[in-house]
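Per TrEMBL, active site, proton acceptor is recorded for H124. Look at TrEMBL and you will find C132, C135, C162, C165 tagged as Zn(2+) binding site. The domain 'Deacetylase sirtuin-type' annotation in TrEMBL covers 17-277.
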Amino acid sequence: MAHTARKNPKKEIFEAPEVIDRKAKVLADLIRKSKHLVVFTGAGVSTSAGIPDFRGPEGVWTLMAQGRQATKKSVDVLQAIPTKTHMALVELQERGILKGLISQNCDGLHRRSGIRADMISELHGNTNIEYCKNCGKEFLRDFYAVAPDNRPLHDHRTGRKCPICMTHPLHDTIIHFSEDLPLGPWTRAEAHCEKADLCLVLGSSLTVTPANELPQLVGERAAAQGKKQQTQQPDTNLVICNLQDTDLDYLCPSPDHRIYARTDDLMERVMHYLSLPVPDFYVRRRLIVETDVDANPAGGRHVVTVKGVDEDNSTPASFLRTVKLVTAGGRPRIVKTEPFVLGWRGKIGDMEEEQNGSVAECGADEAKIKSETLTLALEFMGNYGEPGFELQHTVRASMPDNESNPEAYQQRQVASTVYELVYNPRNGTWVGLLYR
């Protein structure tokens, strides 16, 4: 907090563009040769998204230490667009180059940008994640999933109950000063640093303990190798990119390993020398639509359940405000709270003509397939100004050719479909795709 920052912060240093370019080329070569690249990020990777850092000249803690108010308006974290640095790391992940990402940031931009849950160790938590201590389940939210301000500092209850355990409270994942880091992310991060042959620090002052001990572990190994191999480059390298001096600068093997630049400026040049693109950011939402239909030819009651999930298709993700169901012959139905469960009555719609040939060719015991298209009108949280989207979901039910024999069909039929919804914030359009 403020007591960890200086009233007179360290000076920010901006190296010349040609120096940054030369060092980016060196770093790209190190990345190309690396077998286990680990990246360690701090608040500096998010400043170009409009989120202030902590210990810079206009940092949050610096201003508090000086008793000043911020002069620039910051962006709401929920509306912040992941930066070029975030997106470059996503590309390195997708190429199999990045092996582990360790972050001190709570802003959730790494996960939002496309970094997988199994790739990142968020040492200080994530303002969009809450969890149940009883069952261990995490819940990813498109809103602030943090304890209310009126609770004591170390009371992490968010005020919501676990939908799995029903009665146990959910807790936020934010780590306050004096609290222990979460064991799982720490253990995973430490394991990556023990394997790392290259650790790249981006936008961190490396002030906060014990997080700063992780790049220190890599740097000390690099320094020990350097003493043994005085005539050649060590097998392990520590590279630091930060505008201010850090306490670990002495562990960088050479001046080319210490870069004074904005992280976006560096990573754009690095990706250029790696001949890799920096991808655009898209809002990606994973949706599971489950149907439970009554295949009785006379009709019955049917249920559709709509739920958001993370990229693992398992972790619940809350990004919908409402879901409205529109069927061919019924009135619209709307649900405004999770779980989004909607029902309708009647017969499943028209028979599909191309099941085992035409209907006329079907034998007496062969099943007919009847289908009905549901319109699911989705309203999102709208943090990126995303409009609603109408998803056309087809329900299919297998019916016996001889509908007069009630024992010839399975009365209730359950199906599940996964959709990938992709929103382009540059032109304001959604695309809905079947996932695999």
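Just so you know, glycine gets a Cβ as well, placed from its N, Cα and C.
Note: TrEMBL annotation is automatic and uncurated.
Given the structure is predicted, the values throughout are model-derived calculations rather than measurements.
Sequence features annotated in TrEMBL and their locations in the structure.
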residue : record                       : Cβ within 10 Å
H124    : active site, proton acceptor : 18
C132    : Zn(2+) binding site          : 19
C135    : Zn(2+) binding site          : 10
C162    : Zn(2+) binding site          : 20
C165    : Zn(2+) binding site          : 14
Problem - Pairwise Cα distance for C165 (Zn(2+) binding site)/the residue listed as 'active site, proton acceptor' [Å, integer] - result: 25
Exercise for the section: Whole-number Å only: compute the distance from the Cα of C132 (Zn(2+) binding site) to the Cα of the residue listed as 'active site, proton acceptor'. Expected result: 17
Problem - Zn(2+) site, defined by C132, C135, C162, C165: further same-chain residues with Cβ within 8 Å of the Cβ centre - result: K133, N134, G136, K137, P163, I164, M166, H168, L170
